[in-house]
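Following: one structure in structure tokens, then a few remarks.
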Ligand SMILES: NC(=O)c1ccc[n+]([C@@H]2O[C@H](COP(=O)([O-])OP(=O)(O)OC[C@H]3O[C@@H](n4cnc5c(N)ncnc54)[C@H](O)[C@@H]3O)[C@@H](O)[C@H]2O)c1
Ligand SMILES: CC(C)[C@H](C(=O)O)[C@@H](O)C(=O)O
Ligand SMILES: [Mg+2]
């Protein structure tokens, strides 16, 4: 198989973990006889520095011609107070390619049970998928502005019926491939948008009689996610709730650094990135956990290229290395040896 991939390393630890992805692509290509070509483009803070634009046209054009996109992370203190922000590039690329379906799997490898700050009996057996709506809601609602000379401010939470329906369908389809248990998370006791969301979930649910559906309010769901994570199979929720719940869910696995994601459109390009940010506190120190990025390459294999065996091989390799007793500094596992980003990358690749 021949595939062309755009790599958007971005800022902070982005370039370090993108090196891990590149090395993985090279090794997987050789082992499984595929030709993966890559082309690096800019997004985020680095693109602001070079072009005064967090998502230059050149980047968009290259992505349009590609088979898939890999992204490291964007943002950092350097650009935090500027009017043009790195994160605008990320939101713009999601919107441009209509990447409405953000799949964030939270799988606890056996070897990671001990890494979680939660008790082992609580995290044992956790395996859930957060299906996060990614191109609507508060992130994109208009108006969004300061008013009355700075004395008031407005952000808007808007969704169309179709926007809700398509993400809900994605979630039901996902549930059908798993344990057929869907939890829709909303704030229907307060928000009209959530009441419409619930109605649509109930209507679409009639087409999926095998899937058990329940609705949870987001505050209670946040609590249940860490008190009883193995209760969940598929969670579907709107953009901001999904952002918050997925970082929270990383506690189950012991580190934000191990969670991957896929951002998919209806029938086009996919973008694959770890869920964490640019981690400015550890950038440049060869300390970042590359696992979230490497598992994102695995999601690209599976969702964009249909390479299921290659994808499973990456997961197995990660599990093997953790079982062998190696970890990066973010993982708290007693007795495990702490190694660097590059060492972790090499070990995973050598276990492919
Ligand atoms: N998709 C993205 O590009 C993305 C996602 C989230 C945040 N951000 C941006 O990143 C910047 C920093 O945000 P933040 O500090 O709130 O969140 P963050 O996810 O960058 O970091 C939170 C904490 O997790 C740690 N961490 C994150 N990824 C890690 C990894 N792979 N290995 C080891 N430790 C890791 C960091 O060191 C930090 O202590 C902000 O500008 C934010 O907007 C970008
Ligand atoms: C950086 C930010 C815009 C982004 C989001 O909120 O979607 C990040 O937190 C994520 O989870 O991908
Ligand atoms: Mg986030």
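The backbone N, Cα and C atoms fix where each Cβ goes, and this holds for glycine too.
As recorded in TrEMBL:
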- 4-348: domain 'Isopropylmalate dehydrogenase-like' (DOMAIN)
- 94, 104, 132, 219: substrate binding site (BINDING)
- 139: site 'Important for catalysis' (SITE)
- 187: site 'Important for catalysis' (SITE)
- 219, 243, 247: Mg(2+) binding site (BINDING)
- 277, 278, 279, 280, 281, 282, 283, 284, 285, 286, 287, 288, 289: NAD(+) binding site (BINDING)
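Taking the features listed in TrEMBL, we show where each one sits on the structure.
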residue: 94; record: substrate binding site; DSSP class: helix
residue: 104; record: substrate binding site; DSSP class: strand
residue: 139; record: site 'Important for catalysis'; DSSP class: helix
residue: 187; record: site 'Important for catalysis'; DSSP class: coil
residue: 243; record: Mg(2+) binding site; DSSP class: helix
residue: 277; record: NAD(+) binding site; DSSP class: coil
residue: 283; record: NAD(+) binding site; DSSP class: coil
Overall pLDDT for the domain 'Isopropylmalate dehydrogenase-like' (4-348), taken as the rounded mean: 97
Beyond the site residues 219, 243, 247: chain residues whose C-beta lies within 8 Å of the centroid, for Mg(2+): 218, 222, 240, 241, 242, 244, 245, 246, 248
Number of Cβ atoms other than its own within 10 Å, given for residue 187 (site 'Important for catalysis'): 18
Contacting recorded positions for ligand 3, chosen from 187, 243, 277, 283, 289 when the Cβ sits under 6 angstroms of any of its atoms: 243
Cβ packing number for residue 281 (NAD(+) binding site), 10 Å threshold: 10
Among 187, 279, 289, the recorded positions whose C-beta sits under 6 Å from ligand 1: 279, 289
From binding-site residues 94, 104, 219, 277, 279, the one whose Cα lies nearest residue 139 (site 'Important for catalysis'): 94
DSSP three-state assignment (helix, strand or coil) for residue 132 (substrate binding site): strand
Distance [Cα-Cα, Å, rounded] between residue 132 (substrate binding site) and residue 243 (Mg(2+) binding site): 7
